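A.B. asks: Straight from Swiss-Prot, here's the annotation block:
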type     : residues                    : note
BINDING  : CYS28, CYS33, CYS39, SER276 : [4Fe-4S] cluster 1 binding site
BINDING  : CYS59, CYS63, CYS66         : [4Fe-4S] cluster 2 binding site
COMPBIAS : 302-318                     : compositional bias 'Low complexity'
DOMAIN   : 42-265                      : domain 'Radical SAM core'
REGION   : 291-318                     : region 'Disordered'
Amino acid sequence: MKRNKLPGGDKYTEIKAKLRELKLSTVCEEARCPNLGECWGGGDGHTATATIMLMGDTCTRGCKFCAVKTSKAPPPLDPHEPENVSKAIAAWGLDYVVLTSVDRDDLPDGGAAHIASTIRLLKQKTEGRLLVEALVPDFQGDMGGVQTIVEAGLDVYAHNIETVERLQGQVRDRRAGWAQSLATLSAAKRVSGGRLLTKSSIMLGCGESREEVVDTLKALRANGVDVVTLGQYMRPTKKHMAVAEFVTPEAFAAYEQIAKDLGFLYVASGPMVRSSYRAGELYITNVLKGRRGGEGEGGEGQQQQQGQQQQQARAATA
């Protein structure tokens with residue numbers, strides 16, 4: 001496994017300074033992501049990427065694996081956040097950005113309108129050039145929230161199933177759930193008329209069996225999910241759920257092949273993979289531009305290019 005480099009470099013410094021100036025949070029920092037330096041720093045021909053966390057740094061839920069702060073009554077939303085986020089990202093000149101958020105069950109719409117406003121402003125300020133992925137909550141099963149996000153004009157709708165069905169209650173907050181998450185993903189695909197790519201993520205090493213992982217992959221595909229990532233759960237602090245198993249690279253490779261055989265459009269599977277990691281960025285961007293009728297090659301040429309990009313993405317996690 002590749003040793004992760006320490007955060008640093010001009011691009012890393014620029015992004016961190018701008019985030020502090022505009023009082024923005026990132027899931028990269030809050031969740032203590034091991035890939036922070038690599039993604040923020042860019043390099044090796046990759047786009048520097050920071051996953052912006054909307055609606056503050058305090059979540060109303062308390063999942064057993066997550067290092068983000070929790071509270072029953074988080075601070076009010078910052079009404080300037082959508083404008084600040086869109087301003088910062090537009091200034092960085094990125095081609096692809098990931099938005100995520102805390103859960104805000106204290107808000108009537110779960111924060112859907114706030115997220116949607118950010119997406120619309122991003123599209124406006126970049127004249128539609130920017131590709132936007134949003135990793136969003138389940139909105140407590142309210143499909144109105146899902147529709148609000150879809151209609152904002154994003155390109156990739158992401159929501160994480162996190163773990164297998166049997167372990168949902170042990171891993172996630174009691175307000176989350178297997179059926180609710182699958183319904184959210186299915187609704188996003190349906191409301192968009194199939195236009196959106198949908199994406200989800202599974203943590204391994206929580207005590208799941210191989211058969212349960214395969215069943216989870218099948219359930220995601222049955223609900224129209226196009227992209228899946230699989231990564232190793234790492235315990236953020238001693239207060240959090242313990243790691244049940246460190247899954248081998250060979251097992252991750254086997255799950256990747258199984259997912260491909262099930263028909264996922266893109267799979268990133270490896271110990272250091274996280275749901276917002278850049279491993280899929282090249283491939284997903286190519287697919288989205290192809291759907292737009294953009295600059296990509298067609299037919300066999302496009303398939304060959306996408307295959308090369310998948311290999312590059314997998315190499316980033318090796």
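Count begins at 1; order follows the chain as displayed.
Each Cβ is built from the backbone N, Cα and C atoms, and glycine gets one as well.
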A.B. asks: Suppose the [4Fe-4S] cluster 2 site is CYS59, CYS63, CYS66. Which further residues of the same chain have a Cβ inside 8 angstroms of that site's Cβ centroid?
C.D. replies: ARG61, GLY62, PHE65, ALA67, VAL68, THR70, VAL102, ASP103, ASP173
A.B. asks: Around the Cβ of CYS66 ([4Fe-4S] cluster 2 binding site), how many other Cβ atoms lie within 10 Å? Please give the count over every shown protein chain.
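C.D. replies: A count of 23.
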A.B. asks: Using a 10 angstroms cut-off on Cβ to Cβ distances, just flag whichever of CYS59, CYS63 is the loneliest among these binding-site residues.
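C.D. replies: Output over binding-site residues CYS59, CYS63: least Cβ neighbours within 10 Å is CYS63.
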